[in-house]
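J.: My structure is below; once you've seen it, I'll send some questions.
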Amino acid sequence: MLYQSETLQLHWLENGIAELVFDAPGSVNKLDTQTVANLGEALVVLEKQSELKGLLLRSAKAAFIVGADITEFLSLFNEPPEKLHQWLVFANDIFNRLEDLPVPTIAAINGYALGGGCECILATDFRVASPEARIGLPETKLGIMPGFGGSVRLPRLLGADSALEIIAAGKDIIAKDALKVGLVDAVVAPEKLVDAALSILNQAIDGKLDWQAARRPKLEPLKLNPTEAAMCFTIAKGMVMQVAGKHYPAPLTAVKTIEAAAKFGRAEALILETNSFVPLAGSNEARALVGIFLNDQYVKGQAKKLSKGVSAPKQAAVLGAGIMGGGIAYQSALKGVPVIMKDINDKSLTLGMNEAAKLLNKQLERGKIDGLKMANILATIQPTLDYAGIERAQVIVEAVVENPKVKAAVLAEVETLIGEETVLASNTSTIPIDQLAKSLKRPENFCGMHFFNPVHRMPLVEIIRGTKTSDKTIAAVVAYATQMGKTPIVVNDCPGFFVNRVLFPYLAGFGMLVRDGADFRQIDKVMEKQFGWPMGPAYLLDVVGIDTAHHAQAVMAVGFPERMNKDYRDAVDVMFDNQRFGQKNGQGFYRYTQDTKGKPRKENDEQVDALLAQVSQPLQKFSDDDIIARTMIPMINEVVRCLEEGIIASPAEGDMALVYGLGFPPFHGGVFRYLDTIGSANYVEMAQRYTHLGALYQVPPGLRAKAEHNESYYPVAAALLDVSISQPA
């Protein structure tokens, strides 16, 4: 053994070849600060070996290196910029020394080589991968860019176009595609990976392969003539702005950095990369996006804990077909859980089966499944007008019309036909679970399972715990949601649960703005372009369905009369009374026609202004800040109340429910991250200016207390014990 640390070992093979093996204590290898320092120490040892002829890098895990340790990111980003800069210079010196070894080097890549893992293999002369390997640089998805030389080496290895596509989009690619673009030199079966790598290395040692020629382009300026460069980078910048927009600066920064570095060799190009990385790391967007990654890990970890030792059901059932029931049945069947789909109406069953078939057809068109698999999946959805076979289901999801009497009757009826262990769940969006549980003899077996529309696209499932719901029931439903490929978040019961409870105050803020003379089009524009929502409130109401929203608004008003009841007609009432239900009937706040692909196309409708004049002040211009404050303060206050009342268990779960369930702008990170970013004291001071608008604008006491003590919702990232920047002699 030449060198050994907790995460890597260095030892001799035959023929003067040394092997560097990444083997961290956990299930995966990460390129954390300690491993980077250890790599530097191993290289010091290697540099002293006069008999060294070649170096092989490999992993002892199922994946090569999954990336940097993202749990360290917020701590690193909290370091003073000059210290982070210093550490990056230190780290890059290590990768340069790997690249500059006076012998040929090769990486044998199995599984993932992402982020820092990809940057590590870019520093070797040759790369060989197994077929399941995935290689890429996902940093821009976290609000940063490659920091270990990825933006320097990848363009010089692949050419600018292919490299920009990977870096700007934060992509990873499979082994065969990596071979096509020149990212790897060979793809071989996993059991032959090391032998193939050694064969290439020995050919290089024997002079049959020119390893110095393989290395040289990575050290030199990018080979692009001025015309090619202008075209390549102009197109890339245009596409990035179109896709990422102004709220996500990392992709454009990466493209501009690669462009600026194109005329330089490695040393100067790395300086530009580091100079671009440090400001991105200190940005609010990076903190928010890294926070989302960490929160996602936390939420998935909570789901694992809650469903520990519990398997997903072998058979499920959905009561109520149509679009929603069909969507749930499709998702269940697609992920391997056969499902009975029951409805009293043959037309609804046809609609549900057609929905499942349509979604499977899309999978077929994209090459995700073949015709046989499609037929097999569809065969696991059993449509029925009666309860035949219902006793086989371990979990039954009720998805009938959003009417408490109808839901209660259906649940009570099915309970008489099933075993004492069978779990019942309601896909209600607003009706309290405790209210529905009154119709059941076994309320401990009952909970809410709120899917979001469209089911196949929306990652969140709200699992609602009623007063009498057992832990066993929650475990079964969480396991089912996880098997379906969803992110389950458990919330406690109240009208609207969490997501809809906090959505309707936002829509109420919109309604009050329109009442006071704001143009709904301006509100939509500001909330989309400035705040970053995927759609503004008027457009959202049209997509959800104004009849659906009108009904839910009434339920919320009964549930929270002190805040959500209103004594005036608003824009939603006017739309509803005039049967303008949104996209579903082609007219709402906007008019909808079909585009060439059959999708609804939004257009202005002048009739709407005349209708809204019944309930609005004369049109007047509001500032962007006013529009954002008047819509967001009610939502933010309600989100905080949900935490204070124990409806949600943590800021992380609240923020992920908002991002996954409502499309809350990821670059803000969720309401709690947003509050931490602007500061609770600043928020309270701003909200004070709007308290005259009513109860929705009153800041909850817990948030006032945080403001007084200058506290945050997320813990401040602890400083890393030792970010080593000294190289042993």
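Backbone N, Cα and C define each Cβ position, glycine as well.
Feature list, courtesy of Swiss-Prot:
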- His450: active site, for 3-hydroxyacyl-CoA dehydrogenase activity (ACT_SITE)
- Asp296, Asn500, Tyr660: substrate binding site (BINDING)
- Met324, Asp343, Val400, Val401, Glu402, Lys407, Ser429, Asn453: NAD(+) binding site (BINDING)
- 1-189: region 'Enoyl-CoA hydratase/isomerase' (REGION)
- 311-729: region '3-hydroxyacyl-CoA dehydrogenase' (REGION)
- Glu119: site 'Important for catalytic activity' (SITE)
- Glu139: site 'Important for catalytic activity' (SITE)
J.: In the structure shown, which of the binding-site residues Ser429, Asn453, Asn500 has the fewest Cβ neighbours within 10 Å?
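T.: Output over binding-site residues Ser429, Asn453, Asn500: least Cβ neighbours within 10 Å is Asn453.
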J.: Need one number for the NAD(+)-binding residues Met324, Asp343, Val400, Val401, Glu402, Lys407, Ser429, Asn453: the maximum pairwise CA distance in Å, whole number please.
T.: 19
J.: For Asp296 (substrate binding site), which DSSP three-state class applies?
T.: helix
J.: Let's check the environment of Val401 (NAD(+) binding site): how many other CB atoms sit within 10 Å of its CB?
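T.: That number is 10.
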J.: Using C-alpha atoms only, work out the spacing between Val400 (NAD(+) binding site) and Glu119 (site 'Important for catalytic activity') and round it to an integer in Å.
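T.: Computed Cα spacing between Val400 (NAD(+) binding site) and Glu119 (site 'Important for catalytic activity') is 52 Å.
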J.: Give the distance between the Cα atoms of Met324 (NAD(+) binding site) and His450 (active site, for 3-hydroxyacyl-CoA dehydrogenase activity), rounded to the nearest whole Å.
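T.: Answer for this pair: 11 Å between alpha carbons.
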J.: Do any residues at least six apart in sequence from the residue listed as 'active site, for 3-hydroxyacyl-CoA dehydrogenase activity', in the same chain, have a Cβ closer than 8 Å to its Cβ, and if so which, in order?
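T.: In sequence order, Asn427, Thr428, Ser429, Val461, Glu462, Ile463, Ile464, Phe497, Val499 meet the Cβ cut-off.
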J.: Among the recorded positions listed here (Glu119, Glu402), identify the one with the smallest other-Cβ count within 10 Å.
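T.: Counting other Cβ atoms within 10 Å of each of the recorded positions Glu119, Glu402 gives the minimum at Glu402.
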J.: Cα distance, Glu139 (site 'Important for catalytic activity') to Glu402 (NAD(+) binding site), nearest Å?
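T.: Given the Cα positions, Glu402 (NAD(+) binding site) is 43 Å from Glu139 (site 'Important for catalytic activity').
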